[in-house]
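The 4-amino-2-methyl-5-(diphosphooxymethyl)pyrimidine binding site annotation in TrEMBL covers A:43, A:44, A:45, A:46, A:47, A:75, A:114, A:143. Residues or ranges marked as Mg(2+) binding site in TrEMBL: A:76, A:95. Residues or ranges marked as domain 'Thiamine phosphate synthase/TenI' in TrEMBL: A:14-196.
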């Protein structure tokens with residue numbers, strides 16, 4: 001299934017699509033801008049929309065992402081992932097189990113799983129997940145780095161990254177301003193909806209996010225900030 | 001994929017599951033009773049529940065229905081149908097297109113489609129549907145046969161059954177009391193949720209529905225009522 005040996009360990013910036021927060025712009029337009037800004041992977045999510053619409057959008061996203069060498073993942077629906085030849089799926093704790101998705105998609109596809117606890121992370125890894133989406137990191141959308149009320153916080157990323165050997169992506173309330181601690185805690189990258197989708201300039205927002213991740217990686221590797 | 005050459009033209013009674021209207025009984029319990037009452041096909045629907053739950057329920061339904069030689073169809077989710085080895089899927093106008101479901105499941109699986117108009121019926125047949133669910137027949141749940149305010153009525157079944165060569169099942173507001181005209185109009189059978197699921201005795205309700213269909217078929221074939 002994978003078009004170009006998609007590899008989660010290379011994901012720095014991960015866009016989850018949701019047209020409803022795009023201020024009237026289409027998801028295609030947002031994804032085009034994110035690609036121009038260097039996004040590494042796009043997840044077709046669009047919760048609250050029907051499968052017919054998501055399938056049509058997915059075919060267009062596949063074309064865009066394939067041209068750009070960007071990975072494409074489908075949230076929840078293994079059938080849509082198969083139908084649009086996505087690189088894989090991302091399942092949550094109430095979606096099809098990781099092992100079922102793996103069985104349907106085969107060994108080459110990427111199967112990602114949401115994990116909020118170390119136990120869920122262990123279970124997903126044992127079932128064959130290729131990466132974990134850990135969160136919600138920041139429970140608020142506050143720009144204040146120190147504030148993550150109702151979120152699991154970067155500390156949970158550190159716990160989970162220590163506990164498993166597959167890549168971890170932080171998710172939930174992440175911005176260019178607060179991405180650093182998530183990456184320093186051990187995430188390979190960060191996943192966002194609003195930070196890119198609701199931004200006045202989604203391309204610039206993607207670039208800023210990528211820069212924040214790279215800067216934090218420098219810190220994490222002990223090479224100092226760039 | 002089909003376990004026993006499931007054949008929509010043999011379907012007289014078709015149960016669509018929805019635990020939320022079962023008055024506290026489990027879908028498994030309702031399906032067991034429906035099987036005892038002679039149901040021909042069960043569709044796993046359970047809208048408003050998550051995929052993980054539906055997958056687990058589907059595995060149990062597959063076991064029950066396979067033992068009984070009853071066909072099992074999954075609503076909307078082609079991936080769940082594949083995962084539980086169902087006989088096929090039923091897609092609506094906002095689900096994955098018939099042709100996509102067919103492509104994913106292969107030529108042997110049953111693919112059904114909802115159609116409210118002759119145009120939708122033609123389109124579904126051309127795309128490879130094996131049967132049509134036509135409705136909503138009766139827009140109210142009134143027991144009065146003559147009343148189907150806001151429904152397409154048995155007349156639409158007649159129009160569609162004349163227009164296509166695949167079997168038609170009536171759906172929406174159908175009871176043992178008002179099933180007759182639907183079958184006389186050309187439906188091979190009738191599909192229900194509440195008539196069986198909300199019944200005090202789901203087994204007896206299934207038997208009554210089957211009897212109503214058989215009686216109408218007698219009339220339709222010009223053999224008189226039984």
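Glycine is treated like the rest: Cβ placed from N, Cα and C.
A map of TrEMBL features onto the structure.
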residue: A:43; record: 4-amino-2-methyl-5-(diphosphooxymethyl)pyrimidine binding site; Cβ within 10 Å: 26
residue: A:44; record: 4-amino-2-methyl-5-(diphosphooxymethyl)pyrimidine binding site; Cβ within 10 Å: 28
residue: A:45; record: 4-amino-2-methyl-5-(diphosphooxymethyl)pyrimidine binding site; Cβ within 10 Å: 21
residue: A:46; record: 4-amino-2-methyl-5-(diphosphooxymethyl)pyrimidine binding site; Cβ within 10 Å: 19
residue: A:47; record: 4-amino-2-methyl-5-(diphosphooxymethyl)pyrimidine binding site; Cβ within 10 Å: 11
residue: A:75; record: 4-amino-2-methyl-5-(diphosphooxymethyl)pyrimidine binding site; Cβ within 10 Å: 23
residue: A:76; record: Mg(2+) binding site; Cβ within 10 Å: 24
residue: A:95; record: Mg(2+) binding site; Cβ within 10 Å: 22
residue: A:114; record: 4-amino-2-methyl-5-(diphosphooxymethyl)pyrimidine binding site; Cβ within 10 Å: 23
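As a whole-number mean, the pLDDT of the domain 'Thiamine phosphate synthase/TenI' (A:14-196) in this prediction is 95. In this entry, A:95 stand out among the binding-site residues A:45, A:47, A:95, A:114 as having a C-beta under 8 A from a C-beta of chain B.
For the pair residue A:95 (Mg(2+) binding site) and residue A:47 (4-amino-2-methyl-5-(diphosphooxymethyl)pyrimidine binding site), the Cα-Cα distance reads 13 Å. Residue A:43 (4-amino-2-methyl-5-(diphosphooxymethyl)pyrimidine binding site) sits 10 Å from residue A:76 (Mg(2+) binding site), taking the CA atoms of both as reference points. On the backbone, the CA of residue A:44 (4-amino-2-methyl-5-(diphosphooxymethyl)pyrimidine binding site) and the CA of residue A:76 (Mg(2+) binding site) stand 9 Å apart.
Classification of residue A:43 (4-amino-2-methyl-5-(diphosphooxymethyl)pyrimidine binding site) by DSSP places it within a strand.
Counting only the Cα atoms, the space from residue A:46 (4-amino-2-methyl-5-(diphosphooxymethyl)pyrimidine binding site) to residue A:76 (Mg(2+) binding site) is about 11 angstrom. Across the structure, residue A:114 (4-amino-2-methyl-5-(diphosphooxymethyl)pyrimidine binding site) and residue A:76 (Mg(2+) binding site) place their CA atoms 11 angstrom apart. A straight line from the CA of residue A:76 (Mg(2+) binding site) to the CA of residue A:45 (4-amino-2-methyl-5-(diphosphooxymethyl)pyrimidine binding site) spans 8 Å.
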